[in-house]
């Protein structure tokens, strides 16, 4: 094991902005002036929860001089991409590699995947046929429903083994009927999050399956925040309002899509009235650990957002849709823990394409595990002062995020 100047932290740099097709050889060529520790074994790509390259990598080097040479490569190009180079350390590298990728410590190996984009009228037989050759456990398909008891167009499928679930991910973007189906890694915990008791919902007329986006009859999945003073408590309430076990339900999903091909029924389930000072309606969170994004490019997709926060693994992304049926440039991103939400704040004012993104924290420490958080947060670039301001060292996490919305007096009020 190589020893560094800080008690075994080694000589590590992190690269960001790598092309998706980047290879170890490409990294070696980019850092040709540096000596990489253990050669090819010293390059560690970071993967998304779907098993794809995230565009980031850690590289172990031989000496402090090699680190200095690597840092001089910051903002130089690899192909058509310019690469950012940051100084890192072994603690950050080990933590990130452990908590990223499809086989991360954060991913329960229970054989679940999540489907999104199921077509109108999709039946249980079609889901089984979609995964033909992959064994699904008895009663292994869960169909979430919206507050009115209607199927949402998503499904959870549990396979007989984790290996089969990994194979199922290979069906991503294949078709059922005329619809491309997205397949994501999931867990039993995520399935359970859909079974929590629903809050009191606002009655809004649901459209028929062929209504166009932007019409007055569009179904808006907004909820009244029960027992909270708007958003000032800093904690969303959990639950999407029950789920329906696999029992042959095949009701109409009422899907429609926006200009970018996203399912409005899904996007709108995460929409809230964005007149922040006046509205009592907020998006529900399944975890209570949320980061709000502002300034997104209008063509930004959920994958863009997942990649933006990489190597962190958001639980869910809600892209906001305005009353006119168009994206607003804002989104809510849920994380599994308070520590991950705080770590995500290190990306505040970072760029997505040509836009810099503002982030606002809305999370509480109730479900956090702080034993490792201070070291990890600093490794992720979050200062102790920011962590304190964000609630890691404070018992009071109310008001700032909500106040920033209510009066728009704060551009970045963290909890």
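Each Cβ is built from the backbone N, Cα and C atoms, and glycine gets one as well.
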Of the residues 68, 73, 200, the one that Swiss-Prot lists under N6-acetyllysine: 200
187, 247, 279, 396 - the residue Swiss-Prot records as phosphoserine: 187
From 349-354, 355-360, 361-366, 367-372, the residue range that Swiss-Prot assigns the feature region 'Interaction with RNA': 355-360
Within-chain partners of the region 'Interaction with RNA' (179-184) [C-beta distance under 8 Å, separation at least 6 from its ends]: 49-50, 113-119, 130, 168-169, 171-173
Neighbour tally for residue 298 (site 'Interaction with RNA'), based on other Cβ positions within 10 Å of its Cβ: 11
DSSP residue counts for the region 'Interaction with RNA' (81-86), split into helix, strand and coil: 0 helix, 6 strand, 0 coil
Mean of the pLDDT scores, which run from 0 to 100, over the domain 'RRM 1' (11-90): 92
Residues in the region 'Interaction with RNA' (355-360) grouped by DSSP into helix, strand and remaining coil: 0 helix, 5 strand, 1 coil
Between residue 294 (site 'Interaction with RNA') and residue 150 (site 'Interaction with RNA'): CA-CA distance (Å): 31
